[in-house]
Amino acid sequence: MEGLAGYVYKAASEGKVLTLAALLLNRSESDIRYLLGYVSQQGGQRSTPLIIAARNGHAKVVRLLLEHYRVQTQQTGTVRFDGYVIDGATALWCAAGAGHFEVVKLLVSHGANVNHTTVTNSTPLRAACFDGRLDIVKYLVENNANISIANKYDNTCLMIAAYKGHTDVVRYLLEQRADPNAKAHCGATALHFAAEAGHIDIVKELIKWRAAIVVNGHGMTPLKVAAESCKADVVELLLSHADCDRRSRIEALELLGASFANDRENYDIMKTYHYLYLAMLERFQDGDNILEKEVLPPIHAYGNRTECRNPQELEAIRQDRDALHMEGLIVRERILGADNIDVSHPIIYRGAVYADNMEFEQCIKLWLHALHLRQKGNRNTHKDLLRFAQVFSQMIHLNEAVKAPDIECVLRCSVLEIEQSMNRVKNISDADVHSAMDNYECNLYTFLYLVCISTKTQCSEEDQCRINKQIYNLIHLDPRTREGFTLLHLAVNSNTPVDDFHTNDVCSFPNALVTKLLLDCGAEVNAVDNEGNSALHIIVQYNRPISDFLTLHSIIISLVEAGAHTDMTNKQNKTPLDKSTTGVSEILLKTQMKMSLKCLAARAVRANDINYQDQIPRTLEEFVGFH
């Protein structure tokens with residue numbers, strides 16, 4: 001019956017109404033109920049024949065299912081729309097989101113709930129507003145769709161239509177008394193969303209309906225949001241309409257100019273100078289009431305520059321692009337505040353431009369500053385840390401010197417991030433745990449890349465001690481992957497993933513130097529993964545024993561010298577020798593096997609199934625268990 005359900009689903013998906021009818025012909029009522037309620041899974045999506053037919057706009061199939069087979073309209077599934085995964089979507093939600101008006105009308109006329117919500121509290125009306133289908137929006141509202149239902153982030157239909165730029169939908173919702181001043185969870189209103197996206201007609205419409213100028217949760221007004229997003233026409237419109245004081249006006253112009261200096265999509269150094277100069281003139285227009293800047297203390301990452309405080313200082317750097325770039329970063333940090341989520345993006349962009357031009361020292365200064373800002377704001381920094389591994393690898397590959405203090409600094413930040421991500425994984429909801437675990441494991445791999453890079457860097461004894469301290473700090477936390485791998489397991493494993501953007505030019509696993517360094521910093525040599533395998537169990541399965549003999553040999557020697565038990569058994573009762581997949585690793589292992597009397601006794605206890613629990617000291621129980 002499951003195979004037949006697959007054919008039924010395929011026919012519904014492809015709009016083959018005659019094929020579908022033939023497949024269901026002469027079936028019992030219970031069989032039909034099973035076939036039309038069967039949830040098919042495909043590419044991360046879960047849907048029934050009705051849901052997929054509605055999603056794909058097959059009105060004839062939908063009509064057949066509703067009128068002839070009385071399929072329930074409230075069936076729910078999981079679908080993908082514009083890169084988003086929508087859980088708990090009905091056929092009506094799918095039809096509205098995909099713009100299939102005929103299907104929408106069919107479903108509503110057969111009793112579909114127009115206010116049914118998905119898991120994230122999204123309604124069919126919201127889906128239609130996202131897509132900008134005014135005809136569907138009107139039809140749903142005329143059939144009692146509630147325009148005030150917000151999603152789980154308190155984001156309303158008006159907000160999504162404003163952000164997506166659907167002016168006609170925005171106008172209609174406002175005419176239907178949608179609240180222009182409703183606030184999302186982040187404190188933003190529809191005006192914030194329209195201003196950020198640069199939809200000037202929608203901004204005008206919202207102003208006409210008396211949308212209030214308020215600050216969001218990050219202390220940003222729509223004017224500031226538009227300036228930060230380089231939406232000059234919106235800024236100029238709001239400045240002409242909004243009742244803002246002189247200081248707010250100046251800061252908006254400064255922020256707009258500063259943002260043009262370091263925005264990948266909107267970079268325009270001429271506009272940077274233009275708006276910064278306009279703002280400066282506003283500061284000095286009243287000689288009796290000059291608005292002096294409250295400049296930030298010099299910041300190392302910005303070349304210890306001090307922000308221009310008068311028109312003459314600004315004119316002096318007019319032709320100096322690099323100075324204007326730094327001026328832009330300084331101005332943004334002053335106006336937005338160091339804890340603002342958007343401050344770091346242009347810093348990272350400017351650093352990347354330096355890296356592309358082989359100006360690595362300046363790149364690293366900026367990226368370290370951005371990393372500290374993001375960690376101070378408790379932001380997820382796994383991408384930032386990986387970026388350092390990539391640029392350090394690129395430098396080594398190009399024979400550029402990497403400074404040990406820079407590596408130590410990033411390692412320290414990496415330890416902090418891994419500790420925080422371990423806590424996130426423990427305390428996060430089941431729905432988000434997979435993503436959190438991915439980020440956490442990515443951080444572990446990045447840490448290993450950084451350790452590997454440190455082994456290829458000239459270090460003083462003091463620098464090496466500082467690096468080793470960070471490695472020790474992380475080992476002490478005992479971070480584990482899903483498989484229970486420790487850092488040592490990962491260091492000896494050929495399956496440990498290596499990032500392919502510059503990093504794989506320098507880093508590879510198994511890695512003898514990384515293994516030795518981890519052991520020197522206190523890694524537990526006999527720690528086991530979820531399958532009971534020690535690092536020695538892993539390395540003897542390395543499948544390049546000839547071409548990479550030195551690595552295999554060095555790692556086995558390091559592990560054994562650090563106290564690895566060569567007779568330790570995993571959950572399959574296999575020793576490293578049993579797990580050895582090549583003659584070379586077998587020979588290497590045998591030459592290192594020095595069985596102690598203690599090990600022989602433990603193996604005898606296990607081999608003869610002698611009860612030892614609670615019969616010997618607790619410290620020995622674990623030891624016997626290993627054997």
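Quick reminder: no glycine exception, Cβ is built from N, Cα and C everywhere.
Feature annotations, reproduced from Swiss-Prot:
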type	residues	note
BINDING	HIS185	Zn(2+) 1 binding site
BINDING	CYS186	Zn(2+) binding site
BINDING	CYS186, HIS218	Zn(2+) 2 binding site
REPEAT	45-74	repeat 'ANK 1'
REPEAT	87-116	repeat 'ANK 2'
REPEAT	120-149	repeat 'ANK 3'
REPEAT	153-182	repeat 'ANK 4'
REPEAT	186-215	repeat 'ANK 5'
REPEAT	218-248	repeat 'ANK 6'
REPEAT	344-377	repeat 'TPR'
REPEAT	483-527	repeat 'ANK 7'
REPEAT	531-568	repeat 'ANK 8'
For the residue listed as 'Zn(2+) 1 binding site', the number of other Cβ atoms found within 10 Å of its own Cβ: 12
For the repeat 'ANK 2' (87-116), the number of residues DSSP places in helix, strand and coil: 17 helix, 3 strand, 10 coil
Which listed residue (CYS186, HIS218) has most other Cβ within 10 Å, given these are binding-site residues: HIS218
Secondary structure tally of the repeat 'ANK 3' (120-149) (DSSP, helix then strand then coil): 17 helix, 0 strand, 13 coil
Chain residues outside the repeat 'TPR' (344-377) and at least six past its termini with a C-beta under 8 angstroms from it: 259, 261-264, 299-303, 325, 328-329, 332, 338, 384-385, 387-388, 391, 394-395, 398, 400, 403, 406, 409-410, 413, 416-417
Sequence-remote partners of the repeat 'ANK 5' (186-215) [C-beta within less than 8 Å, at least six residues beyond its ends]: 153, 156, 158-160, 162-165, 167, 170-171, 174, 180, 221-223, 225-226, 229, 231, 233-234, 237-238, 241-244
Distance from HIS218 (Zn(2+) 2 binding site) back to HIS185 (Zn(2+) 1 binding site), taken between C-alpha atoms, in Å: 11
Model confidence over the repeat 'ANK 7' (483-527), averaged pLDDT: 97
